[in-house]
């Protein structure tokens, strides 16, 4: 039993030794292949330079794995892509009868382009190949597949595909609509550089902004219309509500622009909030107009009260005033014996509404009779009229604005 176990252990040790020797031989053979393959190769010279050939054509394609966070305020977005390049190097043709793939530090043995993303704030394109897991595939024909700057005298980049493949298109606030590929030559004082460009198109998901911006804004504007049903004498609460709605609209406008790019032109959301602010502002202006009319009417009433109380009246005249007003409500009436004249409605020039003379008792009309006598002035009636018109005018105008806004920005823009 002991001899059998020893024999099995010896066999296992021999197997590991053979595997280790095979691995070492494979590594040594791989190193020999790479060394012999690049023995007479100059990686500092581009393909075709020694033969005075034309520029090297580099075909490129890109695969988008997914889109990261899109920050409108900073005008930044993150994209995860695979950028691949392909060119032909005649110096590598005919050396092997099969495809050779090299990775990591071995890529330094071969000439590679030097592309970079000129509008990227962060990019790993310029990192060492061993850190970015790059690889180079060399075909027997000398075609090299890789992924960095040479002018158009040396290399020209061209797209090897007509559209970009995108793996994950789902995003929270945007919908991916497609991409556009183009190539161009950028002219600089030190030379012309070949450029390939991919433009991604996104469409904003309107549902997010309807919930976060449009609905709250509509409710705030509708809230500002409550003042049209409030008592016109309760000016303090009316003004407080108007100021509150204005501040709310300003808060919505400020918080929204804090998350969007700072541009010099008004956006669609800006137009909506600015016009909503205008509606709320004019609702507050309406409150001021009603307040001025009501205040002016109150001053007129006080003037008439003072003028009436200065004249002597008989006790019977007070009762006659009530009887005349009750019998002829809203019309001109008079009390014959004392020359009482009652005119429903008056203006600034109607202070001499009540004309009477009495040689009897000097009694003063009570305040309730006097208020009925004076009635509503033209200014007070105008204040009521402004409130009634505003109750229908503001909602109708706001509905018309919404219809025009959505038709314009959904169809014509």
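Heads up, the Cβ atoms here are built off N, Cα and C, so glycines get one too.
Mean pLDDT across the domain 'Neurotransmitter-gated ion-channel ligand-binding' (33-147) comes to 76 in this model. Sequence annotations record features per position, and here TrEMBL assigns domain 'Neurotransmitter-gated ion-channel ligand-binding' to 33-147.
Annotation comment: TrEMBL describes 213-313 as domain 'Neurotransmitter-gated ion-channel transmembrane'.
Taken from TrEMBL, the feature signal peptide applies to 1-29.
Annotated transmembrane segment per TrEMBL: 206-228 (among others), in sequence order.
Residues 72-73, 213, 216-217, 220-221, 223-224, 226-227, 230, 269-270, 273-274, 276-277, 280-281, 283-284, 287 of the same chain lie 6+ residues outside the transmembrane segment (240-259) yet bring a C-beta within less than 8 angstroms of a C-beta in it. According to TrEMBL, the feature transmembrane segment maps to 240-259 (among others).
As annotated by TrEMBL, transmembrane segment applies to 271-295 (among others). With a cut-off of 8 Å between Cβ atoms, the residues of this chain six or more beyond the transmembrane segment (271-295) that come close are 213-214, 217-218, 220-221, 224-225, 227-228, 232-233, 235, 238-239, 242-243, 245-246, 249-250, 252-253, 256, 379-380, 382-383, 386-387, 390, 394, 397-398, 401, 405.
The transmembrane segment annotation in TrEMBL covers 392-412 (among others). Beyond the transmembrane segment (392-412), the same-chain residues lying 6 or more positions past its ends with a Cβ under 8 Å from any Cβ of the stretch are 221-222, 225, 228, 268, 271-272, 275, 279, 282-283.
Using a Cβ-Cβ cut-off under 8 Å and counting only residues 6 or more beyond its ends in the same chain, the transmembrane segment (206-228) has close neighbours at 172-173, 238, 241-242, 245, 248-249, 252, 256, 269, 272-273, 276, 279-280, 283-284, 286-287, 387, 390-391, 394-395, 398.
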